[in-house]
Amino acid sequence: MKQQYIIAGIGTEIGKTFISSILTEYLQADYWKPVQSGALDFTDSDTVKSLISNEKTIFHPETYRLTEPMSPHAAAAIDGVTIGLSKFELPQTDNHLIVELAGGLMVPLNDQETNLDLIKKLGLPVILVSRNYLGSINHTLLSAELLKLNNIPVKGLIFNGEQNKSSEDFILNYTKLDCLARVNFEENINKIVVKKWAEAIQF
């Protein structure tokens with residue numbers, strides 16, 4: 001059975017692209033980044049491509065490629081475009097699929113719609129990525145609660161970076177979500193590191 005997931009973070013700079021690389025390698029899945037804001041010379045798709053080892057993954061083109069590394073609604077305004085939810089369509093594939101969002105759940109796509117609306121439209125379960133920092137418990141619980149209130153299925157949580165067992169245990173106990181993986185901080189991220197973590201995941 002196909003496994004297709006949306007990778008959402010509890011905020012920005014959480015490590016979604018690193019985690020997406022690991023999951024793409026683990027499932028030998030296709031990869032899709034619906035909105036790329038900035039870094040058009042070397043996109044998140046390029047990053048994932050450089051980090052995986054399998055030859056099965058297909059990289060599907062972004063729906064929107066925006067020049068500035070900003071919130072999608074602001075980057076789109078600078079480029080003179082308006083992001084429309086109707087433009088997003090899941091790639092047609094018989095393979096597993098990893099979909100990486102741009103930013104957190106409530107990042108605006110336009111004046112009225114956010115990543116949460118995109119998740120609803122795409123209709124896939126979410127894997128929520130958390131990272132330990134001061135305030136991360138609050139951000140993780142808020143993200144999990146928002147998904148629950150909107151009846152969006154959550155496959156589970158992945159903790160990325162420096163471990164904090166007390167925080168992680170509280171989050172898991174409070175949300176009742178499964179912990180899919182704990183990925184340690186890595187000084188250098190490369191194919192070997194991604195493959196190592198991909199081989200350690202089981203779900």
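These residue numbers are counts, starting from 1, taken along the chain as shown.
Positions of Cβ are set from backbone N, Cα and C atoms, glycine also.
Binding of ATP is attributed by TrEMBL to Glu13, Ile14, Gly15, Lys16, Thr17, Phe18, Glu100, Leu101, Ala102, Gly103, and the same site annotation extends, among Asp41, Asp44, Asp79, to Asp44. Secondary structure from DSSP puts Lys33 (active site) in coil. Using the Cβ center of Thr17, Asp44, Glu100 for Mg(2+), the list of other same-chain residues with Cβ within 8 Å runs, in sequence order, Ile7, Lys16, Ser20, Ser21, Lys33, Ser45, Thr47, Val48. The CA atom of Leu101 (ATP binding site) is located 6 Å away from the CA atom of Lys33 (active site).
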